[in-house]
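TrEMBL has this to say about the protein:
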REPEAT    10-103  repeat 'Solcar'
REPEAT    113-199  repeat 'Solcar'
REPEAT    211-306  repeat 'Solcar'
């Protein structure tokens, strides 16, 4: 992950391909956790069985409730826009990250493998990817948030309805807190992953370094937990803002609120739900962050290795020919 002047194996286009493939595979596994996390984030009532008005109390109870009321397919609600999100985000993020770390190596005196460089380049790459896929993220959130009966029949119906009823700006709801949160979140992801990889190289003896793929998975999971915990409130605020104008579809889930913007959303959450309100859904979110970040880095490294192996095989064949 990141430009390595010693190998120079993966081009920007190949990084985009590996990033999109890793996003696609990872999304299939994490979609149920994402749906539960979004439901928790949007619930105004306290996540507790002691609150009679709360629809969801915990992860297992939410799984049972969603399954009984909406069926197994509900855990993959919004999966099509979510896949567009994952594929597009992964491609832009990793292509930008590889390009930025290469630029740092070529035009500055900084080491492209330095953790600080990975923090800055990771944050900038994520901001670029976020702006590119924010409309799809809003669609994904709307689909995951709606209950039965459905407001949106399919992706096309959702796009047309939202555009006609709320205007084009609705596809960028929540962009401000997303940009504010994504820079440190992604920066911490990439820098933590880099630090953990360096630590594992130091801590694990040479004879124990065969399981590189498992090491990538573990380092990625730990990096995901660290970054998500430190930046979680902004993710919750983003989700609240993204369902603005969609309150009628949330009535079956409990109370709804209308937020006039980022600061108004923060004030209302603090006043009505307290500081803990900013961390609703943290448990499934951390579980999702550990699984998704671990898998994204795992698959990305694996696909890059496969691409490098194919290139080396082709070059060897040409030499022999």
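Cβ coordinates come from backbone N, Cα and C, glycine included.
In terms of DSSP secondary structure, the repeat 'Solcar' (211-306) contains 80 helix, 0 strand, 16 coil. For the repeat 'Solcar' (113-199), residue counts in helix, strand and coil come to 73 helix, 0 strand, 14 coil, using DSSP.
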